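K.L.:
Relevant sequence annotations retrieved from TrEMBL are reproduced here:
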- 1-12: compositional bias 'Basic and acidic residues' (COMPBIAS)
- 1-76: region 'Disordered' (REGION)
- 66-76: compositional bias 'Basic and acidic residues' (COMPBIAS)
- 88-119: region 'Disordered' (REGION)
- 127-149: transmembrane segment (TRANSMEM)
- 168-302: domain 'SLC41A/MgtE integral membrane' (DOMAIN)
- 209-234: transmembrane segment (TRANSMEM)
- 240-270: transmembrane segment (TRANSMEM)
- 282-303: transmembrane segment (TRANSMEM)
- 315-334: transmembrane segment (TRANSMEM)
- 346-366: transmembrane segment (TRANSMEM)
- 382-525: domain 'SLC41A/MgtE integral membrane' (DOMAIN)
- 438-456: transmembrane segment (TRANSMEM)
- 468-488: transmembrane segment (TRANSMEM)
- 508-533: transmembrane segment (TRANSMEM)
Amino acid sequence: MVLWSKEQDKPSEMSTGAIESKKEGAPTTYHHTNGSVHPIILTDSPEELRPEAGDYELTEVTSFSDRTEPENDRSELVAIDCRANAKGQREEDALLENASQSNESDDTSTDQSPVPSAPLKETSFSIGLQVVFPFLLAGFGTVAAGMVLDIVQHWTVFTKVTEVFILVPALLGLKGNLEMTLASRLSTAANIGQMDTAKDMWKMIMGNLALIQVQATVVGFLASIAAVIFGWIPEGHFKIGHAVLLCASSVATAFIASLLLGLIMIGVIIFSRKVGINPDNVATPIAASLGDLITLALLAGISTGLYEQLEYNDYANPLVCAFFVALTPIWVFIARLIPSTREVLYSGWEPVIIAMAISSVGGLILDKTVSNPNFAGMAVFTPVINGVGGNLVAVQASRISTYLHMSGLPMAEPSPTPKKCPTPCTTFFSSSVNSRSARVLFILVAPGHLVFLYTINSMQGGHTSLTSIFIAFYMTAALLQVLILLYLADWMVHWMWGRGMDPDNFSIPYLTALGDLLGTGFLALCFHILWLIGDRDTDVGD
């Protein structure tokens, strides 16, 4: 509540309510709230400010005409109810009045600023309608990525420098670590009004693009080091040319893929806001749909081109690596200019690096399973089951994070109804909007996977026939994976919020990495069980 003095011409703070002094000659203040104006009698001297028993009582006066004292005998203050700016609080104003957030209202009259429109009430049908098309698009993207990987694995660079395969899980994991996190951050910013003006939008765009370029360069470099180490330990010999090739290919692929996907995400989020679609429902699936395909295509093309230069130009690979690493200070400088990205720049490395390690465990399971000829059919299905699980849990995590940001509850403070650990019933069967979206996302799993499985089968991909028993085991693995991920998202996002960590920056890398680990592990277990019970058809696709 802001009070504006007509005599002093400056605002002062006063709490909501109206008090009238019994003492005569005290100045009057007018309290304006909820469309009505209440005069408030103030004292003339500091001594009269001391409350005594019976000195004050609450009164309610509905108009100025009830007070007839001369205006020149008192100081007159007008209270202005500063509501949230309509431009910056479209959805949040339905939950609470953020008086402290209005920094654009300089009007000294009793007229209120325009009241923001109420947020769109999302039903299960509207959530499903917005999610289903990006979800199918993302699924077909993972199907295409699996087919691409099946083709490029026979290229020269993949057969001569086998350590390139080690880069695949880490670089594909950037989709969840960077692009989905970027989409979640920008979706939250768009929903709470931080991208409504052109100036704010461009600041947010430049800061976040610079941030993901820093993260992509560092993660790509660390992934190449891990690939060199994992390739050197079993073989017992080290080739400097191959090591530089891995570093240049990894850094260049991560940098270019993150830049392209970041630009696409920004376009999707801006377009979604203009047409009235919740960006949380569409941004992360679209990032996933293109992430695997673009990353694999870039890795294959860049590594092939750099491998051809090994014989003719010894400086090509080091120059490529040095060029992208040298750009890092520029991106750091830009990211530090924006407060939101500055915080992530300093504190956002832990989830990215740990998520890369988790994905590497899933990659190890994949490597050990696919290397067995009896389980060759697993390769084409792995990107699909991992991608679908990661896409759905990213949508849910982004929605819960946006909900917490809009609730107005500061981070690191307990919620009004704290829950230390949610139960599956509260996650999936409560009446809250987050529970409703969890049910919708879980229902999409079975029909979505059936569409993707028969798409792969129609393209003669993989090495496994779609028998009824295979479909039953596969669907069990997929449903169990998504069930666990949605429950973990409900717990993890609230847990991080309660400890002062922004879920947009921390939760999605962990959840998508866990999706890779669970999906690969469950799928490998299914193939082992199918082999043991006699379902051993591996001739399809040979």
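Including glycine, each Cβ sits where the backbone N, Cα and C put it.
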K.L.:
Contact between the transmembrane segment (240-270) and the transmembrane segment (315-334) is defined here as three or more C-beta pairs under 8 Å separated by at least 6 residues; is that satisfied?
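P.N.:
Stretch pair touches.
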K.L.:
Quick one: do the transmembrane segment (508-533) and the transmembrane segment (209-234) have at least 3 Cβ pairs under 8 Å, skipping pairs fewer than 6 apart in sequence?
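P.N.:
Between the transmembrane segment (508-533) and the transmembrane segment (209-234), contact is absent.
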K.L.:
Six or more residues out from either end of the transmembrane segment (282-303), which same-chain residues have a Cβ under 8 Å from its Cβ atoms?
P.N.:
130-131, 133-135, 137-142, 144-145, 148-149, 152, 155, 157-158, 161, 164, 167-168, 171-172, 174-176, 179-180, 182-184, 186-187, 245, 248-250, 252-253, 256-257, 260-261, 264-265, 268-269, 272, 383, 387, 390-391, 394-395, 398, 508
K.L.:
Could you pull out which residues elsewhere in the chain have a CB under 8 Å from any CB of the transmembrane segment (346-366), counting only those six or more residues past its ends?
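P.N.:
Answer is 166, 168-170, 172-173, 176-178, 211, 215, 218-219, 222-223, 226, 378-379, 382, 386, 505-507, 509-510, 512-514, 516-517, 519-521, 524.
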K.L.:
Quick check on the domain 'SLC41A/MgtE integral membrane' (382-525): DSSP residue counts for helix, strand, coil, in that order please.
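P.N.:
Helix, strand, coil within the domain 'SLC41A/MgtE integral membrane' (382-525): 110 helix, 0 strand, 34 coil.
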K.L.:
May I have the DSSP-based helix, strand and coil counts for the residues of the domain 'SLC41A/MgtE integral membrane' (168-302)?
P.N.:
121 helix, 0 strand, 14 coil
